[in-house]
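J.: TrEMBL feature annotations, pasted as is:
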DOMAIN    19-422  domain 'Aldehyde dehydrogenase'
ACT_SITE  Glu209  active site
ACT_SITE  Cys243  active site
Amino acid sequence: NPYAGLVSRLRASWLSGKTRPMEYRVAQLEALGRFLDDKKPEILEATASDLGKAPFEAELSEIFLCKNELHDTLNNLSLWMKDEKVDRTLAMQLDSAFIRKDPYGVVLIIAPWNYPIQLFLVPLIGAIAAGNCVIVKPSEVSKKTERLVAEALPSYLDKDCFAVVTGGVQETTRLLENKFDYIFFTGTPPVGRIVMTAAAKHLTPVTLELGGKNPCYVSDTCDVTNVARRVAWGRFFNAGQTCIAPDYVLCTIEMQEKLLPALHKAIDDFYGPNPRESPDFGRIVGDRQFQRVQRLLGSGRVAIGGQTDEAERYIAPTVLVDVLPSDLIMQEEIFGPILPIVIIASVDEAIDFINSRERPLALYAFSSDDKVVNQVLERTSSGGFCGNDTLMQVTLTSLPFGGIGNSGLGKYHGKFTFDTFSHHRGCLKRGMGREPLNAPRYPPYSPRKFGLIRATSKVTRTSGCALL
């Protein structure tokens, strides 16, 4: 296997204990900060080349959010690393019981192309903070960014403990043949199944950050202008190539009539009368991806946009109406600048529609009535939820980010990333003396001995009412 030597070298470094001291982890994390600072112009240039990302969008999503994660981790690392004391029974009051946060060992991070810096760097921050050695596999689809990461990142990190591997499907397949102690994958559900299958051969735990069709319910009672602006921003940010973008709108026919002109105005305000000329509207990452998204325009009827240019990989911000649940666009994640509207009669029908499909990575609900937003929250299931806005839930390092069911497995961001890459090791330390205290557990057994064990070791239910 072409990567066996690399994995073995990193494993030897991990076994040496090199990555465990907090000072070492902090030094490597600070080096990531320097990477972001030093390479900011190159990051903006590479993401513009790969995805047509506006500098504002690239700096916000690829640099600023990573800096927030980095600073949150550095601010709290000493606290996160501390042993966590736990409750003890009467029999163990003289003992030490705690949870130790151990690194897993050698971990693999496989990143996607849509946010090619953020979606490898945020998990890398947590993996380093937890004391692991790491192999990073950036996406080959975002070519310029892959080259930048492969060429620049190793000069900032300890080469004995961290490495970048490049390549496509064949290289990733060979890489996955090796035994890792943890695998973190961001991508599509079909590829997620392949990664999980490969991990299962070594009983390797995984985090799978997958996509899905994220519903966006818009009630009849809302500020239509605000809804349109927030939905349009979330759908068309990064030309729609965002795993948590609102994938389709659910609303009544009456709301659709109000929403369409408001969406049209929002798009015009954001990108001008011809979004193709806007410096703030991106492009589809590759020809194959362009052709896939373009095929989805055959669903329903184009109400706004619809223009395409294959040479530029340009698809205009588009809104589709008369969309049926059976249409092609409702069968797969769009991952492009198209927003279909599906008509429902009520919030109950919207909830039934959401619950009849795979559980999404994100779910959005808009209403001026908080009871309606809560109703959608309480009666559905999704990886994350945001009421009366889009995308903003992922900007908080204090909230876990991750999917459920078809949209993923596991969570990260902030302390959740540190915990994801840490083995929570249950530890009990007892003294060598006081052996008479242990006598009741030894044979020969008797009812009296069991009574003593029960009296000193039982957990009793409190009398307080649990219902609030």
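Yeah, the Cβs are placed from backbone N, Cα and C, and that goes for glycine too.
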J.: How many Å lie between the Cα of Cys243 (active site) and the Cα of Glu209 (active site)?
T.: 9
J.: Sequence gap of 6 or more, C-beta under 8 Å: which same-chain residues meet both conditions with respect to Glu209 (active site)?
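T.: Set apart from Glu209 (active site) by at least 6 residues yet with Cβ under 8 Å, we have Leu119, Phe184, Phe185, Thr186, Gly187, Cys243, Phe401, Gly402, Gly403, Gly408, Gly410, Tyr412.
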J.: CB neighbours of Cys243 (active site) within 10 A?
T.: 27
